[in-house]
Amino acid sequence: MAEVGRVAVRDPDSLLPGGFWAAVAVWVERPQVANKRLCGVRLEARRSACLPRVEHSGPRPSSGPEPEERAPAGCGPKEGPGHGQCFPEGGPGPRPGAVPEQGPQENQGRRQQGEDQREAAKAPLLSGAPGQPGKAGAGEGDFPAPDLDSLWDDFSRSLASGNREMLAFFTRSGAESQLEAQHELDVILRTVIPKMNTHFCAPRREIVVQDVLNGTVIFLPLEENSEGNLKVKTSNVYQIQLSQSEGEWFISVLIFCPERWHSDGIVYPKPTWLGEELLARLARWCVESRQSGFKSTLSLISIMKYSRVHQALKEKYKDMAKVWPEVTDPEKFVHEDVALAAYLLILWEEERAERGETARQCFVDLGCGNGLLVHILSREGHPGRGIDVRRRKVWDMYGPETHLEESAITPNDKTLFPDVDWLIGNHSDELTPWIPVIAARSSYNCRFFVLPCCFFDFVGKYQRRQSKKTQYRGYLDFITEVGSTCGFHVEEDCLRIPSTKRVCLIGKSRTYPPAGEDSVDERRTRYINSRRGSPVSPPGQVPAPRPPGAAAGGADGPEGHGALDAGAGHAPESPAEGLWLPGFRPREKAKRVRNCAALPRDFIGRVVLQVANLLLGGKQSNVTSSQSRSATAWSRGGSLSLAEVAGELDRETLQKLKRECGGLQTLLRNSSQVFQVVNGRVRIRDWREERPRKEKEPEAKRRQFSETFKTRICWFFAHHPDGCVLPSDRCPFAHGPGELRPATTKKNKQPL
């Protein structure tokens, strides 16, 4: 046994030892958070157990743990998460005797703390009912889950038959000490799934043993013997340990038989990684009090299937990033859509298996954007099409088998898709809350998948009504409520995509029979009408009264989480021939540039000159020849905050800037030849302070500089009262029309 790492943990908020088990739960359930070469894990089964008794006279010839004899009353081998778990008195902290003996009152407090922390040690399983044959989570495809009971019984017999070194590794001391305190262990069987790549590494199985009383968790790898049966390996066994000494907490990583450790660089990293990288993360997670309000990543599908399909799609479509014609980041958009396609393919494959169907689902992607998701799903055999208000250049690359339409989508009785299985909303903005409604009204068999990003209500921007929730969490709850009100069982999952907004909402089944469609649609109508005026209602105030004719009896908003009573209030008005809710406006076909670049040149020039005069203290521009100006007395002016500058501009100018993204700050940063904007303050740029160009710069930068050299008039030469601070041969801008060169750079592409 060797200790490969030990770190002291500062616990100012008294989160330990409970925080230790919260950190362990992350490493047990989501090891890919720390080990980026893993795709995830599948938790197969869980049970309670005890270490076997070891007689002093020698090893016992048989017997695994017998709950009737060895476990406290009510404890025993149980399958499933948390069922029948019974823990001994005391908390998940240091081993007995590590701290001074406590009095009766302190012992009572420690027992209470132990009850709380034992709950923290019960990490939730990822899927289904693990450990129960024939149910979700018991195995996937050609990789069935083994029997945890028999595996543990065999291992217990090996411990009881004389494997004292391993037994001492479990008890953190000599084997005899465990005779004094028989207590319950939490035993988990998991499958560790590596990312599928060219360096293929098969999934590995492990038994994880959590000893709450002693504050240890041990990882036991499994291997097949000559007969094809699984057994515990004696190599690659390691332990994570929490201890306390003189009031200070420590976390350690220990390896059993370090000379037998074999690192594959994927599932089993090097011992130095465990003792440094993993230990540092665990120490940080231990004292993080923030709890995530989101589901585990990929909790609704098979992680193993996802890993295989995702890797195959990455290889198949990796060249798209090389020929991406848009100005958007190809790495982000291609990888995100590939991951999203992999998720939907697995989701739909498992749905076909559940329904006993073979025909592939058809779909419509509303607000499809670049259309890559539609292209991939179509190429993988799912008939479908994408609709967006604006055509993209990349559409021409896909070919005739990818069906993309340029059209505005307006929620009304004409925008229904009765023959479509799934509606997709991938960052669909103003359409996001409408997609569950459109799916519900299209047909009883229509389902939906949305990945919310920007926050829109049925009409206008969404405004949260509870400050205790983040804007993102509140919006997800709102869309969930929309789906529930429309009659869907709404499920939430977290995707593995390069985006901060990666929580998806799925409605694939209904809460009512087909005969109840009319009454549920009345409920939908009332709910939609109840949202009328919600976006403009300030938080904490009552929304404006609904116009005459709107039905009463709406929900309480996105935090109400209650379905509307179909019989409450008077009957709602039937949907009109036009919009389902007046006021909805689809996005404009031509995307307006709002980065101040499209503002009139004379307006930009006037603002730049006005701000420069403010910084120079009102010293006006001198239009005499630059040859008569002295650089030694060059004035760089002062520094002003953006608020001070804005206070000197007239109202009309500020109104124009307010309509642009970033306003005044964007305009000044665009004028980088003249100004420097740092930490909310602006000053005149002094070109003498600019770093000299490196001789060994990348070729692209050298080419860009040579192409733009002397293609614009120097603003300082034309407007600064002291002229340009640099001589003509060193200034990258033209000192007069005679130095101007024709521009050779291509025009910037319009953003998506």
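Heads up, the Cβ atoms here are built off N, Cα and C, so glycines get one too.
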Candidate ranges 212-242, 305-335, 708-738 [criterion: TrEMBL lists as zinc finger]: 708-738
Integer average pLDDT (0 to 100) for the domain 'C3H1-type' (708-738): 90
The domain 'C3H1-type' (708-738), counted residue by residue under DSSP: helix, strand, coil: 8 helix, 2 strand, 21 coil
